[in-house]
Amino acid sequence: MQDKQVRVPTSTSGYLVPSDSVDLSPSDVADLQSSLSSILSSPISSVSDSDRKKAFNLLRTLLLSNPTLPPTSTIRKVVKLFNRGNGTRVQPNVLVGNFQKTMSLIRLFDHSSVSTPSEVTDVVECYLEVMKGMKFSGRWKDCLNLVAFIEKEVVGVLVEEGWRGRGCGGKGKTTEEEAGVIFNRIYTSALAVLNHCGSVSQTMLFLERVLDPNTERPFAPPTPATTLGFFNLALTACSKKKQYRKALELITDMERRNISPDIVSYNSVISAAGRNGDEAVKAFRKISSKGLKPDLVSYNSVMAAVAGDKKEYRNTFTYMDMINLNPKVQPDVITYTCIIKAHATGGDAGKALRTLEVMKEKDVKPDAFVYASAINACAKDRTQGVGPRDGGTWATKALELIEEMEGRGIKPNGYAYASAITACGSVGEWEEGVGLLEVMRGKGMEIGLVAYNSAIGGIVKRMKGNLKRNDEGGEEENEELWKRAVMLLEEIKGEERIKPDAISYSTVLNALSLAGRSSETLAILSEMKSGPPSIRPGLIAYTSVISCMGRSGEWEVGMKVFGDMKREGINGDRTVYNAMLSALGRGDRPEMVLGIWEEMMGRKGGEGVVEAGVDRVSHYGGRISPDFISLTAALSTLERHENYREHSDGIFKDAVDLGVVWKGKLDADIWEVNLAGMPISVGSVAIRHAVHRCVEEILEGGGVITKDLVFITGVGKGGDKEDRLTLKDFTRVYLRDELGLRTVGREREGGVVVIEMGTLKEWYSKYGGEEQ
């Protein structure tokens, strides 16, 4: 062979570029080919890394010498060897590192020398290897450019100019059919790239272009089976990105093109529904309506969607029953994970753990996700005070599951640890939760934000418990706990991978609020306000700050914060209004308490609120239904002031009308009044309200009294911790001293106070039906 020097032609697409040529003698070429053949003759798995690189360089040298010299089959083998590493399977890291080098190698080959379908296939297979590298490196735009190049300058040119003249149709196929098969491979790979790293919209646009019947191409259109495959790849993209609506659009497009969706199609639609259990159930029902039979993927997909849905999670168990009735479908680890997750959603850790045991009995090996879901069930159990049957708490069970995982050689993931920390926090065992953070750090694990936030939440839980205990030891511990919460927030700030979110800050604010640390609370609030949108204070943060101002006696600051919140456009809820009522109560501001109540009721007024700098008219947002806490906070302030007694009566009437107290029972029988459980501040107004209602009925009945008036007080304390006066004693004293009504007790009914019918008649006659 005569030596010759060839330059690779430049393509306008940019994929073919000039390169320096290499002069080789025939003997040199023969030696290179021999060395290359020796390497390629060995199984891929036995080729060393150095020989893999050597084969690449040998081929590159041969191509630089003569771009038409190496057979396409040799180029294909080298590319495959170069991109598989030391194994036969695809290795993403190898593909990512090599795809640009592979591209540079293919550029050197003279594409115009290709003359048969098999040679075209070899070249295309090389480009498909490049596309795999693009897939794992997120280069979907480069992939689309490569597809356009292959269409125009690799396959397209050969079909139009070469194959027809050379009669290359084979195996009973025309050249257009041969090209169609090749292009289907290309388009399938491109859709896989878009599926992996592109947007759903871009995937759908590409699919539309591929299937556009108005585009002239020198190859046969895809068959219905191939088209179905294209659509399923696009549906998979919707599934991964949870684009349910776009998945439905694809199904509609398929039917418009007379392509019948198969079980794979509908499974993707179900998965695309994500956590929307209702939509997933609808998609699942479509399977049967279309004459298809659900498979395990169908069941797992719909179960995954409904398992975490508080409204739909019970359907998970129904689908499990359906699986058990179908001998062709056997539950796998995903199925059981869904069942455990559903039990977690339902707050039943006991059933979740029993499901874990059933798995083991059926030789379905639990993985890290199963254990993490079981631990999460322990965190969400609604019977924290009960705990497992074998004693302890669900927090201790969660820790045992962590140990069990490690004993089985299963590495606990971040979700498992975060759930265990949450379980510890839910019962106030904050030390164990913080200890798990240290375990994660000691193992070199990345501590996620959820784990940190759960640990801080555990601290807050303990602090709330300490406040309920109301003893000196609890107060001392809370002084240390708020500092620990702030330290954890600082640790999050010091992490490079994560940053604190609004939950982190709000939970720390809660800790500071419980400790009454007003200055620190305001500092955190200021930091949130000046930070990025992700940490801007929301309703929970403002509520904590206002509560803190109440605890520390700084109601003026609390009122200002309340006004700032409203000016930020944040609509308050019942909790923040209750916090405001409590803060104003501690400041003994009855006029402002009344204003807040009026605002909750959706009524304008309350000049005291305006005086504090809150523009009530511009921030008025309608009724916020008060609850018993609201009522207690308001009346405990107003009842301390004689001149606000009429307002107290009006507020109590609001509460009765809204069903906050008595819930219509007084309408059924106004002669039997239940005061049990009421604080004395509420009880006094309730007594006046009940007597007033009785007088109204007496007046309507022409002054006739036919019943005793009975107050049910119970035998417990009335809530006044200063004099420990029982509600029963208070009721008797109040009726006597404030209303002039004598009462009697009933020995058999210790928790009642009675105004006998005769006493009522005498009282009514004396005062002419006007209450005192």
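Each Cβ is built from the backbone N, Cα and C atoms, and glycine gets one as well.
Here is what TrEMBL says about this protein:
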REGION    1-21  region 'Disordered'
REPEAT    227-261  repeat 'PPR'
REPEAT    332-366  repeat 'PPR'
REPEAT    413-447  repeat 'PPR'
REPEAT    538-572  repeat 'PPR'
REPEAT    573-603  repeat 'PPR'
Distal contacts, the repeat 'PPR' (413-447) - CB-CB under 8 A, six or more residues away: 368-369, 371-372, 375-376, 378-379, 384, 393-395, 397-399, 401-402, 405, 454-455, 457-462, 464-465, 481, 484, 488, 495, 497-498
Tally of DSSP helical, extended and coil residues in the repeat 'PPR' (227-261): 28 helix, 0 strand, 7 coil
Counts of helix, strand and coil residues, the repeat 'PPR' (573-603), according to DSSP: 24 helix, 0 strand, 7 coil
Confidence summary for the repeat 'PPR' (227-261), mean pLDDT rounded: 95
DSSP helix/strand/coil residue counts for the repeat 'PPR' (413-447): 26 helix, 0 strand, 9 coil
